[in-house]
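Per Swiss-Prot, the features are as follows:
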REGION    1-27  region 'Disordered'
COMPBIAS  8-22  compositional bias 'Basic and acidic residues'
TRANSMEM  37-57  transmembrane segment
BINDING   HIS82, HIS402  Fe(II)-heme a binding site
TRANSMEM  84-104  transmembrane segment
TRANSMEM  121-141  transmembrane segment
TRANSMEM  170-190  transmembrane segment
TRANSMEM  208-228  transmembrane segment
TRANSMEM  259-279  transmembrane segment
BINDING   HIS265, TYR269, HIS314, HIS315  Cu cation binding site
TRANSMEM  291-311  transmembrane segment
TRANSMEM  329-349  transmembrane segment
TRANSMEM  362-382  transmembrane segment
BINDING   HIS400  heme a3 binding site
TRANSMEM  401-421  transmembrane segment
TRANSMEM  438-458  transmembrane segment
TRANSMEM  476-496  transmembrane segment
Amino acid sequence: MATSAAAHGEHAEDHGHDEHAHPTGWRRSTNHKDIGTLYLIFAIIAGVIGAAMSLAIRAELMYPGVEYFHNTHLYNVFVTSHGVIMIFFMVMPAMIGGFGNWFLPLMIGAPDMAFPRMNNISFWLLPASFGLLLMSTFVEGEPGANGAGAGWTMYVPLSSSGHPGPAVDLAIFSLHIAGASSILGAINFITTILNMRAPGMTLHKMPLFAWSVLITAFLLLLSLPVLAGAITMLLTDRNFGTTFFAPEGGGDPLLYQHLFWFFGHPEVYILILPGFGMISHIISTFSRKPVFGYIGMVYAMAAIGGLGFVVWAHHMYIVGMDLDTEAYFVSATMIIAVPTGIKIFSWIATMWGGSIEFATPMLWALAFIFLFTVGGVTGVVLANASLDRVLHDTYYVVAHFHYVLSLGAIFAIFAGWYYWFPKMSGYMYNETLAEAHFWLIFIGVNLIFFPEHFLGISGMPRRYIDYPDAFAGWNLVSSIGSYISGFSVLLFIYCVYDAFAKNVPVGDNPWGAGATTLEWTLPSPPPVHEFEVLPRVE
């Protein structure tokens, strides 16, 4: 048996070598590390496009009056595309597709993912999906104007009768394909984690990042089919005369909102849970301590995932639901703060008494804890139906979810990037450049989004191209912040270029005694086929 395993290993090595020598190696590779790298490159490209759109939005809002988007529908298209791109083509491919594919098999001691060829198509569906979304901006949406400008939520009737052209149809197909990609990926992750752990690695010994990916995969598997159903009904309403969401045919536009948010709320937890997992590893590594309350951390994530499915209507307080219904959703939403608080305090307890090293990944992780907490506090404010009466669809909501996404998920992605970059590439980045990137984006995004709380409380509504002069001051501050953040993206790309240009080699484990998971026992970068003899976990 040992001989055959070794022989198989040699054969696999040769195949892996050919794969990279061949010009189509990247395209056809079924290796989880190659696919993870493709996901990360795709996420960076999509992120730059999405960030460019947000810069255009903030440039327009810098001063009152319509300045750049003289075709005002185009502004709505930018807002819509920015949202869809950042969620479906940047955060999800980076966290789940990128870091998930790269490190989940390494962490659990698996030779690869359970279904490597399915993994390949999970990735390649995404460029197709992205292409459809970009195509939608070049065909008619509203009469006489190109592109889908219904918001990333695509609420009816704006996305049905409000957009008679084919743009929204293309956007719907784009979401279908992105959803198919995520469902296939989720099946792959669940199977891999349940069936391919190294001998001795029970579920309760599994690294927290692996747990976060498992829970995220279940959320994807349960929520995406609901989105698929909703947008398919929207498609038939638009093209085939059905009236699922059209009152004149006995339909209900609120049904769309319920279906959408039944997907949409688990989705925002899908966007942050893998980040929780990454942050746990980074805090533990740079505090030189095991995570405080491991089991509590696992079940807190599971509780967040479960509760995420029963709070969706807190996005809909103003649609006229029954008061008892609203009371339920207020209470359920606030209960999610409990497991989230367990995680925050466990991270702080992990650092307590630790030998903390403020390396770049640790800076991102510390900023994540602070800024995610700010986003959580404004979330508790918005959970109150009575307050949401006033704050719904104002910039207060924009500030809230950008604090948990732009200053939460993105900070977690960058934390993971700087933490694992030496392992993925075999090179060390320039610490000074990396810290400059951190401080620049930290100042930038806080300048953008903190003042937006004030705008929201003052009553400035979201998704408008123009605003009364009274809101000019904080909008100027916000837009200046977006220029700083935009520059930080360029610095990040230069930082990556610099690391590959300088070629500073790195050992198996650049982080020292704090890094205890299996990937740090492998060379940097790992061989094409790791774990030919499965590791045994004690």
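Here the Cβ of each residue, glycine as well, is placed from N, Cα and C on the backbone.
The separation of HIS315 (Cu cation binding site) from HIS400 (heme a3 binding site), Cα to Cα, is 13 Å. Contacts between the transmembrane segment (291-311) and the transmembrane segment (208-228): present, as 3 or more C-beta pairs lie under 8 angstroms, all at sequence separation of six or more. Of the Cβ pairs linking the transmembrane segment (438-458) with the transmembrane segment (84-104) and spaced 6 or more residues apart, fewer than 3 are under 8 Å, so the two regions do not touch. At the 8 Å Cβ cutoff, the transmembrane segment (84-104) and the transmembrane segment (362-382) share fewer than 3 close pairs (sequence separation 6 or more) and do not count as touching. Residues TRP261, GLY264, PRO266, VAL268, GLY308, VAL311, TRP312, THR333 surround the recorded Cu cation site, their Cβ atoms falling within 8 Å of the Cβ centroid of HIS265, TYR269, HIS314, HIS315, which are themselves excluded. Beyond its flanks by at least six residues, the transmembrane segment (121-141) meets 27, 35, 38-39, 42, 46, 73, 77, 81, 84-85, 88-89, 93, 97, 147-149, 163-171, 173-175, 177-178, 180-182, 184-185, 188 of its own chain at Cβ-Cβ distances under 8 Å. If you take the C-beta of HIS402 (Fe(II)-heme a binding site) and look for same-chain residues 6 or more apart in sequence within under 8 angstroms, you find GLY375, VAL445, ILE448, PHE449, GLU452. For HIS315 (Cu cation binding site), the Cβ neighbour count at a 10 Å cut-off comes to 22, with all displayed protein chains included.
Of the recorded ranges 37-57, 259-279, 401-421, the transmembrane segment (362-382) has the largest number of C-beta contacts under 8 angstroms with 401-421. If you take the Cα of HIS314 (Cu cation binding site) and the Cα of HIS82 (Fe(II)-heme a binding site), they are about 23 angstrom apart, rounded to a whole number. Through the fold, the transmembrane segment (37-57) approaches residues 26, 68-69, 75, 78-79, 81-82, 85-86, 89-91, 93-94, 97-99, 101-102, 123, 126-127, 130, 413, 417, 424, 482-483, 485-486, 489, 493 of its own chain, all at least 6 residues removed from its boundaries and within a Cβ separation under 8 Å. HIS82 (Fe(II)-heme a binding site) and TYR269 (Cu cation binding site) are 19 Å apart (CA-CA, integer value).
If you take the C-beta of HIS82 (Fe(II)-heme a binding site) and look for same-chain residues 6 or more apart in sequence within under 8 angstroms, you find GLY50, MET53, SER54, ILE57. Sequence-distant contacts (6 or more apart, same chain, Cβ under 8 Å) of HIS265 (Cu cation binding site) comprise GLY308, PHE309, VAL311, TRP312, HIS314, HIS315. Listed binding-site residues: HIS314, HIS400. The one with the lowest count of other Cβ atoms within 10 Å of its Cβ is HIS314.
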